[in-house]
């Protein structure tokens, strides 16, 4: 069994100002996305550093607003009704990937209108940069001791740990780390490799939806369902799995459509 590194959720104390690890992870996520997108822009025609900076800014707004609103609507609407101010207390945790995803989709529409880019051209460009942000987000969940995994059934399982935030003090899967590795690092490697060569329009976005859909669906089997949600469908499907199934199906259709149409709207690489 591993020992949980009980880290102070406040990373930096600056007098009355407290910088939480959760917020710091979001900052690192956006900086990493900006760096990766800037690198991709240098490899392709039609993209500038100003466009990338604006793209990340729009995306950050979509993630924060959509993620928080989505979490409230999908998971904690009753809590919001009791205390509407809680919606704005982002530093306490509570963000939904699916809400953040929808928020980014909407934000990209405004960015595309400003820069006269097609929606899928933009999504294909930024999709490989997203998984690193997911990775940092899950690390933030781990440090905060939230969204931990289900209880370990094998007493000899070497990676189980007891989270101090768990009222039952059971040995559990560190599912946040599993998700950081699968939905984050592994998906990033796959998407970065796939997008390094010319692909049909929508193909990279489709692979993101498929890859995240599969990874999230599998990881939910290790993650403890929210106490007020439990298993919603068939006695074993969680809210996260239900919300992920449409992403997977849409991704499959998009990949099929992309290779049926074979429209290549990416500019040639500058260094080729």
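Quick reminder: no glycine exception, Cβ is built from N, Cα and C everywhere.
Swiss-Prot has this to say about the protein:
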TRANSMEM  17-37  transmembrane segment
TRANSMEM  55-75  transmembrane segment
TRANSMEM  90-110  transmembrane segment
TRANSMEM  125-145  transmembrane segment
TRANSMEM  174-194  transmembrane segment
TRANSMEM  202-222  transmembrane segment
TRANSMEM  230-250  transmembrane segment
Query - the transmembrane segment (17-37) vs the transmembrane segment (202-222): 3 or more CB pairs under 8 Å - result: no
Report summary line: Other same-chain positions with a Cβ less than 8 Å from the transmembrane segment (55-75) and lying at least 6 residues past its termini are 26, 30, 33-34, 37, 87, 90, 94-108, 110-111, 122, 125-126, 133, 226, 228-229, 239, 243
